[in-house]
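Input: a single structure, listed below in structure tokens.
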Amino acid sequence: MALHVHLLACAFGLGSWVAINGLWVELPLIVNELPEGWNLPSYLTVIIQMANLGPLLVTLMHKLYPGRLKESAVIYSILSIGVLACFLLAFFWKETTVMAGTEHSTAFLVITFFLSLVDCTSSVTFLPFMMQLPAKYITTYFIGEGLSGFVPGLVALGQGVGISKCVNITQTSSSNMTEARVATPPPHDSLYTIQTEYLPPNFSTEVFFFFLAAMTAISLVAFTLLNRMPRTFELSTENLVPETVASVSSGLDNPSVQGSPKAHGGKGEETGQSRPLLAKPGYTVSQLAFIYFLVVWVNGLTNGLLPSVQTYSCMPYGNIAYHLSAALSSMANPMACVIAMFLPKRSLVFLGLLSLVGTGFGAYNMGMAALSPCPLLQGSAAGEALIVLSWVFFAGTLSYVKVMVGVILRDESHSALVWCGAAVQVGSMVGALTMFPLVNVYRLFQSGDVCSTKCPL
């Protein structure tokens with residue numbers, strides 16, 4: 001029975017962010033097909049921020065009408081929307097319309113908004129539902145949530161990005177027809193240029209979207225079984241909250257675990273004595289200000305600034321470099337969470353230095369994007385390896401910081417954690433809204449083609 005519930009909890013957590021994580025790792029194939037091209041990631045960052053309307057509405061409903069909103073109904077709705085949206089994406093992601101004289105991938109952007117709405121809303125509905133179960137299943141849920149980033153990255157690596165090659169394209173001036181150049185010399189009235197030709201990957205983008213639909217459907221089935229399971233657990237509702245705190249914190253070197261037996265005692269003096277054991281020593285105002293600054297800064301970099309220009313940072317090195325950067329950095333996030341669980345470091349000095357290191361990797365990525373389409377070491381194996389490693393370490397180091405800062409604020413107080421969530425949204429929104437006009441209006445970043453772009457030696 002316990003193993004069965006653990007598997008269901010893990011499968012349920014898998015659907016939390018699998019759709020959006022899947023879109024990010026599939027971008028190396030999508031940007032070559034859609035009219036937005038290299039600007040597409042900047043659109044996605046803004047769309048994801050707009051989708052935070054879902055969590056806002058759920059929060060307002062809880063505040064204005066306590067007990068009226070059924071979380072199970074919301075979860076059924078958003079997971080069903082997620083499955084449907086992934087299926088529609090597989091059929092309509094290439095469809096475009098002309099708006100204001102410019103071609104846009106309207107269907108892809110609209111469906112992406114609904115997928116973002118699903119994943120963002122899961123943040124305020126999935127975990128509250130899991131809190132109804134014994135604490136031992138919460139950890140399994142978080143493992144599934146981590147897999148929602150790891151599994152799409154792994155599948156994307158298996159998909160490959162397709163081999164690109166440079167071909168000569170001959171265009172005859174007497175007609176608008178363009179054909180591949182043959183062995184015979186071209187006529188005098190024709191011109192030929194070198195362009196990039198992409199061979200198909202191991203399986204198509206449509207198949208990948210069907211995979212995302214299947215993962216979301218598995219999460220929906222798992223939730224249905226969990227929701228219909230009789231609540232015949234050992235723990236009572238009264239003991240659930242204290243044991244949850246102890247269980248989740250135990251893997252993060254929380255000293256409050258040592259006092260957990262007292263928390264399970266009766267009311268009165270023992271309850272009063274247990275409260276100080278469930279909180280870390282208070283931080284000063286300046287320390288809290290520094291912690292919240294880290295939250296805003298790190299989330300601004302990872303959720304807004306850098307993702308908007310990942311194409312400009314990686315594509316000049318080739319599609320394979322972009323593919324590996326997107327897939328491996330997506331996998332680095334859950335790996336950093338696992339490392340934070342077994343090797344926690346709460347020192348603010350250490351977290352500040354690690355943030356500085358991650359910012360350094362981000363600065364290198366941003367610098368290469370600014371130099372696009374001719375970044376440093378372009379065309380060399382060293383350049384490709386550096387950009388891939390830089391993105392992986394950027395995602396990994398700052399993910400570790402985000403986890404540990406969240407742990408610190410969670411142990412500080414409930415209100416501190418609420419303000420942490422607000423700081424995450426502020427940082428993410430500022431980063432996304434800052435980069436969108438720079439990329440799409442002022443066009444500070446230039447796209448190019450690996451084969452046709454001539455860069456100075």
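Here the Cβ of each residue, glycine as well, is placed from N, Cα and C on the backbone.
Automatic prediction, not curation, is the source of TrEMBL annotations.
Per TrEMBL, the feature transmembrane segment maps to 42-61 (among others).
Under the heading transmembrane segment, TrEMBL lists 73-93 (among others).
Annotation source TrEMBL lists transmembrane segment at 105-129 (among others).
Taken from TrEMBL, the feature transmembrane segment applies to 141-163 (among others). Remote same-chain residues near the transmembrane segment (141-163) are listed as 9-18, 21-22, 25-26, 28-29, 126-127, 130, 198-203, 208, 211-212, 215, 248, 319-320, 322-324, 326-328, 330-331, 333-335, 337-338 (criterion: CB distance under 8 Å, separation of at least six residues from the stretch ends).
If you look at the transmembrane segment (207-226), the same-chain residues 6 or more away from its ends with a CB under 8 A from one of its CBs are 5, 7-9, 11-16, 18-19, 22, 26, 75-76, 79-80, 82-83, 86-87, 89-90, 93, 118, 129, 133, 148, 151-152, 155-156, 159. Residues or ranges marked as transmembrane segment by TrEMBL: 207-226 (among others).
Per TrEMBL, the feature compositional bias 'Polar residues' maps to 248-259.
The region 'Disordered' annotation in TrEMBL covers 248-276.
If you look up TrEMBL, you'll see 282-300 (among others) marked as transmembrane segment.
Annotation comment: TrEMBL describes 320-343 (among others) as transmembrane segment.
The feature transmembrane segment is assigned by TrEMBL to 348-366 (among others). Listed by sequence, the residues of this chain that lie at least six past the ends of the transmembrane segment (348-366) yet keep a Cβ under 8 A from its Cβ atoms are 287, 290-291, 294, 297-298, 301, 305-306, 309-310, 313, 386-387, 390-391, 393-394, 397-398, 400-401, 404-405.
What TrEMBL lists as transmembrane segment is 386-409 (among others).
Within the chain carrying the transmembrane segment (416-439), a Cβ under 8 angstroms from the stretch's Cβ atoms is held by residues 39, 42-43, 45-46, 48-49, 52, 288, 292, 295-301, 303-305, 308-309, 405-406, 409-410, 445, all 6 or more beyond its ends. Summarising the annotation, TrEMBL assigns transmembrane segment to 416-439 (among others).
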Completion exercise
For the transmembrane segment (42-61), the distant same-chain contacts (Cβ-Cβ under 8 Å, at least six residues beyond its ends) come to 20, 23-24, 27, 36, 68-69, 74, 78, 109, 112-113, 116-121, 123-125, 303-304, 307-309, 425, 428-429, 431-433, 435-436, 439-440
Handout entry: Long-range neighbours of the transmembrane segment (105-129), counting only residues six or more past its ends (CB under 8 A)
Key = 12-13, 15-20, 23, 30, 34-36, 40, 43-44, 47-48, 50-55, 58-59, 71-72, 74-75, 78-79, 81-82, 85-86, 88-89, 92-97, 99, 141, 145, 216, 223, 226-227
Fill in the blank from the handout: Near the transmembrane segment (282-300) in space but 6 or more residues beyond its ends, with Cβ under 8 Å, are 348, 351-352, 355, 358-359, 398, 401-402, 405, 408-409, 412, 416, 419-420, 423-424, 426-428, 430-431
Problem - For the transmembrane segment (320-343), sequence-distant contacts whose Cβ falls under 8 Å of one of its Cβ atoms, 6 or more beyond its ends - result: 21, 24-25, 27-29, 142, 146-147, 149-150, 152-154, 156-157, 160-161, 164, 251-252, 310-311, 313-314, 384, 387-388, 391-397, 399-400, 403-404, 407
